[in-house]
Amino acid sequence: MRLVAKLLYLAVLAICGLGIHGALTHPRVTPPVYPSVSFNLTGADTYEPFLRALQEKVILGNHTAFDLPVLNPESQVSDSNRFVLVPLTNPSGDTVTLAIDVVNLYVVAFSSNGKSYFFSGSTAVQRDNLFVDTTQEELNFTGNYTSLERQVGFGRVYIPLGPKSLDQAISSLRTYTLTAGDTKPLARGLLVVIQMVSEAARFRYIELRIRTSITDASEFTPDLLMLSMENNWSSMSSEIQQAQPGGIFAGVVQLRDERNNSIEVTNFRRLFELTYIAVLLYGCAPVTSSSYSNNAIDAQIIKMPVFRGGEYEKVCSVVEVTRRISGWDGLCVDVRYGHYIDGNPVQLRPCGNECNQLWTFRTDGTIRWLGKCLTASSSVMIYDCNTVPPEATKWVVSIDGTITNPHSGLVLTAPQAAEGTALSLENNIHAARQGWTVGDVEPLVTFIVGYKQMCLRENGENNFVWLEDCVLNRVQQEWALYGDGTIRVNSNRSLCVTSEDHEPSDLIVILKCEGSGNQRWVFNTNGTISNPNAKLLMDVAQRDVSLRKIILYRPTGNPNQQWITTTHPA
């Protein structure tokens, strides 16, 4: 009888322990001690350092693409290094701890009050290593956005983000561990913490919006561009890792703007200017060790795209693509009259859909139009690829927009910004008339946000630029980014952001666009804006916005040299 009673007791205990979702079991082994990165809402100014620390913890190796860190594939991460714990605390003192997978930055579980919850379909690696000293339970929904939004009853486009929302989310997760009640507030809280932690670590655009809301103690709802970033992180990562050395995508990244218009992105430069993507999901190992020829890079201050990787299962496949090429004043590279004859000049013309502006970038380093090669000679022309010296048909496209003929060391140049101008080869002086973009030929209209989350503004021709509080729809804060590397006043696109000279402390002003080296700018993946002619960075003078001076200066690593483009500044 005692044996029967004991068995009945154990059976009842097991049934009661199942709870609403079913208790999870795990072997009694000593779990790994995972690194921890915490954030307390009472310290609003610690949000940015918190994200930097989280990024540092999830990036285990030195794998990069275009200087962006690539997360390690699952096969290269041991169980003992698989997760990072993220305790979040609200002003009431409530704390919940998230478990984040270093392979993909996903939130896979959370814990508080001696209980932990895992999403439906959780893995043995998660259950056996996370929160093993708590009562583990499994939720009846997964952690993807579709499942979470189904639990809430509406999309995350309607769910505010900000300090108040994060406060409530922490309380909702903690309360659920106490009562195991309604899943709607739980799912809503998870949508908030996932975006304010994981997505902000993936995209500086999202980080900036959240950081601004925390600083201003305000709330905002995600715009459609932000949501499309979140939905396309995987495809962005894949395209970047499989891009040609100059950042030319094999496919198209589909985003949406705030008005729900489609944005088709075909190169890294435009994607970065739109999203400021900060971390990549592993897709494949790049086959290219460097995106530069020696001739194209020697004078550059920021060596942007360098691929580095270890031993991977999958190697990226780089394919040929056909795109338009935009240069000085937004004009496109065009075969004169579309004549298919050797020696026909290549010229500038307004961008259109004509076939004589469609260039195929081959993996052998040639750029072709209907099979004929873009050829370096006394001028730039098309020619039969088999009848000219091979070195005359080879080109290197750099991420900064330079197109170089490696044999001569000369770069593709537009002598004038006029329709019909024949292109030439000249020494590289990093001038705007030597800047090009492949694909995405239309200028991008944006705000430029810098030190103390303030916006860059212009005050007309021959005047300085400076920082002021961001104001949506203020035309003086709107800029057009051109494929030639110029930053133009959006309300008057004949005016360019210009350095007065090329020495440290030289002022940055607004002048007529002339295609000079003082008017060409590169948005770097480290958050700086460089002038490749001067080899200096855009800098808020003395870290004092009241001086109303933006200058050129040597790299310091200080926050007054950090910038981000955004279509929604406040």
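The backbone N, Cα and C atoms fix where each Cβ goes, glycine too.
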- Query: According to Swiss-Prot, which residue among ASN62, ASN232 is annotated as N-linked glycosylation site?
  - Reply: ASN62
- Say you check the Cα of CYS385 (disulfide bond) against those of the recorded positions GLU199, CYS455, CYS496; which is nearest? CYS496
- Message: Rank aside, I only need the closest one: which of the disulfide-bonded residues CYS332, CYS351, CYS373, CYS470, CYS513 has its C-alpha nearest to that of GLU199 (active site)?
- Response: CYS470
- Take the Cβ of CYS496 (disulfide bond) and count every other Cβ within 10 Å, whichever protein chain it belongs to. 27
- Looking only at DSSP and grouping its letters into three states, which state does CYS455 (disulfide bond) belong to? strand
- What is the interatomic distance between the Cα atoms of CYS513 (disulfide bond) and CYS332 (disulfide bond), given in whole Å? 17
- GLU199 (active site) - helix vs strand vs coil (DSSP): helix
